Amino acid sequence: MASSNISFVAIFCLLLLSTMQCHAQLSSTFYDRTCPTALTTIRTTIGRAISSERRMAASLIRLHFHDCFVQGCDASLLLDETPTIVSEKTALPNLGSVRGFSIIEDAKREVEKTCPGVVSCADILAVAARDASTLVGGPSWTVKLGRRDSTTASHTLAETDLPGPFDPLSRLISGFANKGLTTRDMVALSGSHSIGQAQCFLFRDRIYSNGTDIDAGFASTRRRRCPQEDQNGNLAPLDLVTPNQLDNNYFKNLRQRKGLLQSDQVLLSGGSTDDIVLEYSNNPRAFSSDFAAAMIKMGDISPLTGQNGIIRTVCGAIN
């Protein structure tokens, strides 16, 4: 009977892979026997990185997000360019902005010292995102583990499947729905923009638009470090008020028309997400709870489990 149950789960998972989610084999206790120190080792590395640069918390959460949205949570984003691999790192949504790769490699190197060939880079990404959240005042959650690493990357999917800073609300909703995430999940995950920074060229049009959806004083302040020409890479915090704290202030900013990116402010623009934004702005507990739940769901997107994939020795390369 046990063997038939296992085969049923395997068949069920294969069927579900086509609809993006199969997490029957992920478990929070996956490494309890094979590498019991894995989580504390990862947390030590992440803690050291964030204590030296608070912005790294946002970067690590974004790494996990950009990984999961392209062929699932399989660490494909970490693979470097080779003659046979076109790296996702050079795709437009990642190029020059996705960062934190060396921190993940540091964590992997430390874990390999005690448990060689056991812990996947995909799982390190998932754990790092959770640790990053808690280290900047955000929620914690129990990370399910057991993902394996891909042997391929998809530059093409990275160009098409990642949400963009100029996306209209309908595209944001459909993009997340394609990954099995609800509109509420999308709004909650957008709250990660309570931390981190954006480059000038991503919000220039918005702050010079003189539109009714942006506070004039806010636009004027942001223009100081983002001229109409040049200095494309100048950084600005996504949340001016608490830029290093993962909290619900992002949603309060939207109520004041102070969302930095167009894709931020569109969440409060008379559409279907208005009520969720208002709820989160008034109820930090609701935001924290929903953010944690959405991060767990995101971590469940098409993992490689069982005999699929590999455990990379170095996250940037196939063994």
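Quick reminder: no glycine exception, Cβ is built from N, Cα and C everywhere.
Annotated signal peptide per TrEMBL: 1-24, in sequence order.
If you take the C-beta of Cys35 (disulfide bond) and look for same-chain residues 6 or more apart in sequence within under 8 angstroms, you find Val111, Thr114, Cys115, Val118, Val119. The disulfide bond feature in TrEMBL is assigned to Cys35-Cys115 (among others).
In sequence order, Val98, Gly100, Ser192, Gly196 are the residues near Arg62 (site 'Transition state stabilizer'), counting only same-chain partners six or more apart with C-beta under 8 A. The feature site 'Transition state stabilizer' is assigned by TrEMBL to Arg62.
Look at TrEMBL and you will find His66 tagged as active site, proton acceptor. Here His66 (active site, proton acceptor) comes close to Leu77, Glu88, Pro93, Asn94, Val98, Ala158, Leu162: these same-chain residues lie at least six apart in sequence, with C-beta atoms under 8 angstroms from its C-beta.
What TrEMBL lists as disulfide bond is Cys68-Cys73 (among others). For Cys73 (disulfide bond), the count of additional Cβ atoms within 10 Å of its Cβ stands at 28 [all protein chains shown].
Around the Cβ of Cys121 (disulfide bond), 30 further Cβ atoms fall within 10 Å across all displayed protein chains. Residues or ranges marked as disulfide bond by TrEMBL: Cys121-Cys315 (among others).
The Cβ of Pro163 (substrate binding site) has Phe69, Arg171, Leu172, Gly175, Phe176, Ser263 as same-chain neighbours under 8 Å, each 6 or more residues away in sequence. According to TrEMBL, the substrate binding site annotation covers Pro163.
Residues or ranges marked as disulfide bond in TrEMBL: Cys200-Cys226 (among others). Note: Cys226 (disulfide bond) has non-local neighbours Cys200, Phe203, Arg204, Ile207, Asn234, Ala236, i.e. same-chain residues 6+ apart with C-beta under 8 A of its own C-beta.
The Ca(2+) 2 binding site feature in TrEMBL is assigned to Asp239, Thr242, Asp247. Summarising the environment of Asp247 (Ca(2+) 2 binding site), the number of other Cβ atoms within 10 Å of its Cβ, over all protein chains shown, is 19.
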- Measure from the Cα of Cys73 (disulfide bond) to the Cα of every one of the binding-site residues Asp239, Thr242, Asp247, then give the nearest. Asp247
- Greatest C-beta neighbour count within 10 angstroms, which of the disulfide-bonded residues Cys68, Cys115, Cys200, Cys315: Cys68
- Query: Of the disulfide-bonded residues listed here (Cys68, Cys121, Cys315), which is spatially closest to Asp239 (Ca(2+) 2 binding site) when Cα positions are compared?
  - Reply: Cys68
- Enter the number of other CB atoms within 10 angstroms of the CB of Asp239 (Ca(2+) 2 binding site). 25
- CB contacts for Thr242 (Ca(2+) 2 binding site) [other CB atoms within 10 A, all chains]: 18
